[in-house]
Amino acid sequence: MYKQKGFTLIELMIVIAIIGILAAIALPLYQDHMAKAQINRVFYELGSTKTAVESILAHGGIPTVDPSQDGVVQNSRRLEFLGLNQNPNSNLIFTASVGLNSNQFERVNATFGRNALPQIQGAVISFVRDNQGQWTCEIDKSNAAYCPPKYTPATCVTI
């Protein structure tokens, strides 16, 4: 009697089909988790600047992301370097900026770029401070290819 050695062609094709189906399901889920993780990472990196901003404002200064402006007096207020460069060494943040409104601090922004996933590149995450010192988080996804609200942290608002 002849004994079978190995797998038949149909068995191998079934295994390959199962692997293909699993990969088709897993890849989009993986990309979603990566996008969420990258947004959360920048959320916490940028959120760490809130303490420095509060300290600078408490001393009557204006935060800046340009180290060359540190100590410069502008409109009778001293600019102080925030510790976050315009072009940080982050592999996710492309640019960082400070938003002023009538020479008053309003927000700190970070734009996704560099090694961020393509669907979130161009999105801008901002921490906005009101006159009472309350902070809110905003994500402007208008320049991003695909950035659904499910990617954003619970405390952020998408605009």
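If you go along the chain as it appears here, the first residue is 1 and each next one adds 1.
Keep in mind that glycine also has a Cβ here, set from the backbone N, Cα and C atoms.
Now, the feature entries from Swiss-Prot:
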| type | residues | note |
| --- | --- | --- |
| DISULFID | Cys137-Cys156 | disulfide bond |
| MOD_RES | Phe7 | N-methylphenylalanine |
| TRANSMEM | 7-29 | transmembrane segment |
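The distance from the Cα of Phe7 (N-methylphenylalanine) to the Cα of Cys156 (disulfide bond) comes to 53 Å. Within the same chain, residues at least six positions away from Cys156 (disulfide bond) with a Cβ under 8 Å of its Cβ are Phe43, Ile125, Cys137, Glu138, Ile139. Neighbours of Phe7 (N-methylphenylalanine), defined as other CB atoms within 10 A of its CB across all chains, total 11. With a 10 A radius on its CB, Cys137 (disulfide bond) counts 18 other CB atoms from all the protein chains.
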